[in-house]
Each structure stands twice: as structure tokens, then as C-alpha cells.
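Here's what Swiss-Prot has on this protein:
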- Y132: active site, proton donor/acceptor (ACT_SITE)
- K160: active site, schiff-base intermediate with substrate (ACT_SITE)
- T44, I202: pyruvate binding site (BINDING)
- T43: site 'Part of a proton relay during catalysis' (SITE)
- Y106: site 'Part of a proton relay during catalysis' (SITE)
Amino acid sequence: MFKGSIVAIVTPFTNGAVDQEKLRELVEFQITNGTDAIVPCGTTGESSTLDYDEHMDVVKIVIEQVNKRVPVIAGTGSNSTAEAIELSRKAKEAGADGVLLVTPYYNKPTQEGLVRHYTAIADAVAIPQILYNVPGRTGVNMLPETVARLAPHKNIVAIKEATGSLQQASEILALCGDQIDVLSGDDFITFPMMACGAKGVISVLANIMPKAVADLTDAFFAGDLETARRLHLNTLKISNAMFIESNPIPVKTALGLMGKCSDEVRLPLCPMSEGNKAKLTAIMKEYQLI
């Protein structure tokens, strides 16, 4: 259902407020450069520091600006099942094509708790839902066997697998077959994950290099594995640079250097250290982004 290059778009701020004009410009930058779908209010969109009204405003602005040209998948995850249901309902009402649901963070549910959490959301809201496993940020790893229990639900269509583990992604694909699509959650392993059967990537890198990420997934789908492999290797250095500090600090710093939007992030995130900014600047110059 959702495949290819899917950008986890940043939320631009100016003087502490969501910059709606810049957000619309970023959406156009993505669509112009071949991005297949857009995710507002994911990890990269700083969803955890948006209040409820801001969260829904960002989702609505992206849906309005996209105007049905590509799918919009709203980040609606929460460590409260009730809140995730409410956000998912509101996203559906706003016209989202799907929702992205991060595993509950901080409260560390058991695997049974994860099954009950996701089943409750899928039962409550009839919209295509993408599970999101990112244990490095949430403190809980959703095991392949747990994904296999959820995969038969008609509203659960995919998983964003961001453990960085090809073994775990492969186990999900082996267990679930065609019941659920797998999407890479890490730019630096998109190509090998697609070789295992993933359908694309929910990408941080696409914020600054949308065409390169789209070209990689397009080449793979066209059977041009050599081009896809070359793009994978060529973008590896800058993919890794997007994580020299906590996401989205590097990608927002990069967008600031490109003049696309402010590099402003919300506390407890803070501006990139001068040393890392110098390293990032040098890498961006190598890629002729600035």
C-alpha cells in the first residue's frame, strides 16, 4: 500500500512556533523531487514536543498542501493507548491516508501489552496503520513473533522496522509473508532491507536529498540493482551524518545550512555542537548540497 521513498518530514520552527509557510515549502520540495509519501509528526517531526493543537495543525497543513498528490501518513503514536486512538481518529477525519504508530515509550509494555495496544487502535480506527519499532528510542523491542500476531489485522498494513537489524527484518518477512509490508526505518540499510523484501524506507535523509532516496527505491523496483547499490553506497556517509547527534538535530541543521528552514529545535533538544556542525558542513559540501 505504502512504498518507495517516504519522508519523515521535519517540523520547522521560527521563534518557538511552527512555521507554516516553511512547512508548505518543504512539502513542495519533497513532491517536486519524487518523494512517494510524507509522514508529518514522526520522530523527525518532533512529535513528542508538539502540543495537541500543534500536532493536528501540522497534520492538516501537510494534508492540505499535498492535496492528494501523494499519500500522507500521520504520526499518531503515544505511550497512552487512548491518546493514540484519539490522534488516529482525528488524523483520519483530517484526511490522512494512514497513520504511523510508534511503540509506547517509557512505560515499557510487555509483548502482550504491545499486542493489546495495537489491536485496540486497529479495532477502534478504520485507517491503514503502520507499526513503528525503534527500540533505541522507546526502550522496548517489538519482536518478530509479536508482529506476526498483529499482521493478520485488516487495518495493520506495514511496519517501520528501525532496529538497524537485517536479521530482525528478515525474521519478520519470513514469519509474516505477504500479510504485512516492511519498511526500512534506517537510511543506511534501505538497499539491503529491500533486497530482503522491504517495500521502501521512511527516510530522514530524504529531507535534504529527496531525489537521491527516491531514485534508489525507484531503481530497485525497476530491477536496476546496480544503480540502487551505487546510490546506497554513495549516500552512506551522509546517511550516517544524520545521526552524529540525536535526530532531528543534524537534519534540521542541514536544512538550515541549505536555507530551507531554521535549524531551530525544541528543548530538551538543543543546537548542534560547533564541532559536529563543522563536520556536517564539510560532508554537505562534499555532496554539493551547500
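Cβ atoms here come from the backbone N, Cα and C positions, even for glycine.
In this view, Y106 (site 'Part of a proton relay during catalysis') is surrounded by 8 other Cβ atoms within 10 Å of its Cβ, with every protein chain counted. Within 10 Å of the C-beta atom of K160 (active site, schiff-base intermediate with substrate) sit 28 other C-beta atoms, taking all shown protein chains into account. In the three-state DSSP assignment, the secondary structure recorded for Y106 (site 'Part of a proton relay during catalysis') is coil. Other C-beta atoms found within 10 angstroms of the C-beta of Y132 (active site, proton donor/acceptor) number 26, with every protein chain shown included. There are 25 other Cβ atoms within 10 Å of the Cβ belonging to T43 (site 'Part of a proton relay during catalysis'). Non-local neighbourhood of I202 (pyruvate binding site): I6, V7, A8, V39, G42, L100, I130, K160, L183, S184, G185, each in the same chain, at least six residues away, with C-beta under 8 Å from its C-beta.
Listed in sequence order, the residues of the same chain lying 6 or more apart from T44 (pyruvate binding site) and placing their CB within less than 8 Å of its CB are A8, I9, V10, V204, N207, N247, P248, V251.
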